[in-house]
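Asks: Copied straight from TrEMBL:
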- Cys112: active site, proton donor (ACT_SITE)
- Pro27, Met28, Ala29, Gln81, Lys154, His184, Gly239, Arg240: FMN binding site (BINDING)
- 25-332: domain 'DUS-like FMN-binding' (DOMAIN)
- 348-368: region 'Disordered' (REGION)
Amino acid sequence: MTAPTVPALRPLTIGRHEVWPPVVLAPMAGITNVGFRQLCREQGGGIYVCEMITTVALVERNPKTLRMIAFGDDERPRSLQLYGTDPEITAAAVRIVVEKDLADHIDLNFGCPVPKVTRRGGGSALPWRRRLFARLVRAAVDAASPAGVPVTVKMRKGIDDDHLTYVEAGLAAQDAGVAAVALHGRTAAQRYSGTADWDAIAALKQALDVPVLGNGDIWEADDALRMVAHTGVDGVVVGRGCLGRPWLFADLEAAFDGRPERRLPTLGEVARTMRRHAELLVDQFTAGSRTPARGERDGCTDFRKHVAWYLKGFPVGSELRRELAMIESLAQLDDLLGKLDPTEPFPVATLGQPRGRTNSPGKVFLPEGWLASRDDDTVPEGAELADSGG
Ligand SMILES: Cc1cc2nc3c(=O)[nH]c(=O)nc-3n(C[C@H](O)[C@H](O)[C@H](O)COP(=O)(O)O)c2cc1C
């Protein structure tokens, strides 16, 4: 396949931060913790967004939440995603971030499609209540701007095909002073099914003056170049494509630099990446643990969910896979990784294939009367989440 022609390749500018390549690791709850981000950052440049933090938990100084806000010493910009539905609570959370210098960039989550969130009017349901959306974004921007901390929003196309909000919400966010708008080209009803609508991303890019970031279905580096060529976006946001494949960030940097991609890793190289990932998670959990033994066990437990993604397509027996997905220590991991055939070539048939969450479309649960309440700017009751992550 010939490389797509990319119109304009410039560093991505978010406030005063200039980032090359114009690549963002999508926030993924339960995944993009400090250990995983370090692993990805070792591969290539970009913005690497922390797991989602809820504004209520931050304002209440929830200890688990405060531990989740962790960055590497050399991580710049320190990028944090907040989830909130109440402008005042969001502003209070942003003020804490700014006053305590917890982050250099704040992203607001308006993309979450899970029923627990949308049935209370939060996440991807919220932009529908357009006045509240505008008020919320403005509250965050006003609280962050005195410190020069840029605020961005990440959203979906809308609730479903009959209730699209993205252009109107993008313009409102721009008016409120955001530094960029990211669009995942799916509706809430689509969840993670079907393909992302890159035409919608192109339409948003046409409509806005602030940088637009495109999100959805970047599985390989070529996909990122194709998205830029198709939509003209200023940067790409990569989620599931890097699950079990953190080297995607090296490929993306090479692709944006116009260098050839690295050759695909053998199973031995994948095993070394798995070891590095587990080690970084153990470091992360040990830092927040009472004992090193506890930290090692918790780090290994966090690593387990990644095993199947790393081994996807490799001829590895189910018993070994099962054992790897139950590790409790790095020594156990070393022992099991030693049983893999290091010369096994990469399963090329898996290239470009969807990974991670691919669940089917579903009904979007909304608060009663939600669709009839576009201009109601009251905060939906009970929509704040007390707990971060998910
Ligand atoms: C496990 C998982 C957790 C996610 N958590 C968040 C989140 O906390 N905040 C958010 O804005 N999006 C979240 N997302 C959505 C991703 O950021 C991204 O928008 C989506 O996966 C589409 O991009 P992709 O096709 O590159 O995966 C999550 C996705 C997955 C798979």
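Backbone N, Cα and C define each Cβ position, glycine as well.
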Asks: For the domain 'DUS-like FMN-binding' (25-332), what's the model's average pLDDT?
Replies: 96
Asks: Measure from the CA atom of Cys112 (active site, proton donor) to the CA atom of Lys154 (FMN binding site) and give the result in Å, rounded to a whole number.
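Replies: So the Cα of Cys112 (active site, proton donor) lies 9 Å away from that of Lys154 (FMN binding site).
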Asks: When you look at Pro27, Met28, Ala29, Gln81, Lys154, His184, Gly239, Arg240, which the record names as binding FMN, what is the longest CA to CA distance in angstrom?
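Replies: Output for FMN binders Pro27, Met28, Ala29, Gln81, Lys154, His184, Gly239, Arg240: max Cα distance 17 Å.
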Asks: If I take the alpha carbons of Ala29 (FMN binding site) and Cys112 (active site, proton donor), what is the distance between them in whole Å?
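Replies: Between the alpha carbons of Ala29 (FMN binding site) and Cys112 (active site, proton donor) there are 10 Å.
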Asks: Out of Lys154, His184, which of the binding-site residues has the smallest number of neighbouring Cβ atoms within 10 Å?
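Replies: If we count Cβ atoms within 10 Å for the binding-site residues Lys154, His184, the smallest count is at Lys154.
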Asks: Determine, to the nearest whole angstrom, how far the Cα atom of Met28 (FMN binding site) is from the Cα atom of the residue listed as 'active site, proton donor'.
Replies: 10
Asks: Using DSSP, would you call Arg240 (FMN binding site) helix, strand or coil?
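Replies: Note: Arg240 (FMN binding site) is helical by DSSP.
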Asks: Could you count the residues of the region 'Disordered' (348-368) that DSSP puts in helix, in strand and in coil?
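Replies: For that range the per-state counts are 3 helix, 0 strand, 18 coil.
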Asks: Would you count the other C-beta atoms found within 10 angstroms of the C-beta of Met28 (FMN binding site) for me?
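Replies: Result for Met28 (FMN binding site): 20 other Cβ atoms within 10 Å.
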